[in-house]
Structure formats: C-alpha cells, structure tokens
C-alpha cells in the first residue's frame, strides 16, 4: 500500500473501506475498498478527517484485509455455518440452522496466537437459533503476509473446522415423575409441566408416566418408555439421600453404565447421568422444578445434538457452574455454564 494525500489520490484505487461515524445516526463504510477516487470525493474525505489515504499497492506475498478475512473464514467455517461480509475487513459467522454451537477451542487458540490475526466466537456448546451471529474474524493491519494466512489454513486442515452447528435431533423423550405423593394424587404434579415445556422448546416429542417411590415400579416405568420407542429417559425427583428417595437406585440397577451421580453445578448437585446401552437416562433433582435454569439446561442440548456424555464433560462444568440466581434470568447471556 501507498500513503498519499487525498488531493493526489484522484483516479487511484482505495485500499480499504473508510468508516464514517455520525453519532446516533450512522456508522458504516462511506467508501468501499476498490473505489476509484474522484474529484468530488475529496471534500467528503476531508470532512471525515481523512487528509491522507492508503492506495492499493500489493505484491504477490502481501494479502489485503478482505482477502485475508475471506480465506480465514472459509477455512474455519464448518457445518451449518454461513458467512457475512467482508465489511471493513471483517467477516461474521452466522448459524444456518438452529442447534448447538461447537467451537474447536484448541485450534482457535492457535489461530489467535498468530500475530496480527484475531478470531472471536461465542462460547462452546451455546444453543443458537438460525441466523444467530456466532463470531467474527479479521486481520489487525490493512495487509498481511501471505504465509500467516497459510498458517491459519494449515491449522484448520489439521484440526478441522473451528465453528460447527450440530442440529438438534427430534428425539422422543420419556418422562417419569417419581414420588408416591404425586402418584397417589395427594399433591399436584408441578415437575411434569416444566419438563414438557422444555421438551417443546427443543422440539422433542414427549410422554409422561408417574411412579411411586418404589425401585421396581420406577424400573418398570423406564422399561415401558423404552419399549414404546423413547430415545431418552428423564426421571424427575427423588434424587437425594432421603430414605424414601429411590430414583438413583433404580437408575443404577437398570443402567448398563452410570456416568455420574452428583455434579459440580448449582443448582443441580444431585444430578445423575447414565446409559442403558445407547439410551441416555437422566435424573433431575428437585431444583429442576423451582429454578428456571439448572445443570439440565447445560447437558440436555448436548444429548439431543447426538453427543455421548462422559464423566469428564460433567466435571468440567464446575468452572462457571454456579448460578447467581439473578432477579431477572438472562441465560444464556450470563456466566452460568461458561
């Protein structure tokens, strides 16, 4: 690039977008990269505080910011991602479909370790709607060495895409509300409606059964759901160490593998995760009835995205696993689960 006075730039090609800002009215590119400077542009450029501008003057080893952003973004974008831009040297990533955002954190770190390149994203495992902005990338200067962009491309080839959206499966979910007092009709079930609403939010078909605090009856209800073709089993209540709470015992006896009983998340300490062969079995403690957001909201999206939950996944939730119980819940726009 070559720096010239605006008076001397007539007929030359602008090397980058020039941003104009009118407070509370407009912020955007007044002149786009590639614009051929005309005599009439000089007054406007000076009113924007531009007495000098950069004119495009590149060689084969130097890449302009727009080309750099395009190459980085194309290398980094994975499934169900589309690109927006470049504008003013930046490209944004957007969700093509609703689902679970997956971020390759190790590869992202390596890219941001390359001097003069930036790449910012939302948190890994964020639930996103269609067209949601997921992140953006650009180079810091107006031009960059070709070898640095090639380094980014090599990282993406080595690690795979940086951003992907995993679509949610339309699973059939079998819900079991446990508790003798609910089963016998002595109190109104308040847990079932909460879970049904969550299933509807995620687009999952669901069916509710009730079982008393009896291990064999709970196991029978689980078997019944599985025989009816349910892909996921959710049991609510009866998860504590109370003498009448037998749900964990039922899950443990019926499952082929218990992932965890207990989690480093509040609310959700008494959470249980297990599998009967390939069928996830989830035990939700009573907090799921009273708190809008719990560990369930951190784990369930990953299950319906087709992930197999491991103990390590639960253990890692401890960092950021403390809900502040804000007077107005803004999840997921908060620190919980991050």
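Every residue, even glycine, has its Cβ placed from backbone N, Cα and C.
Quick look at what TrEMBL lists:
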type   : residues : note
DOMAIN : 174-305  : domain 'MoaB/Mog'
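The average pLDDT computed over the domain 'MoaB/Mog' (174-305) stands at 94. DSSP places the residues of the domain 'MoaB/Mog' (174-305) in helix, strand and coil in these numbers: 49 helix, 34 strand, 49 coil.
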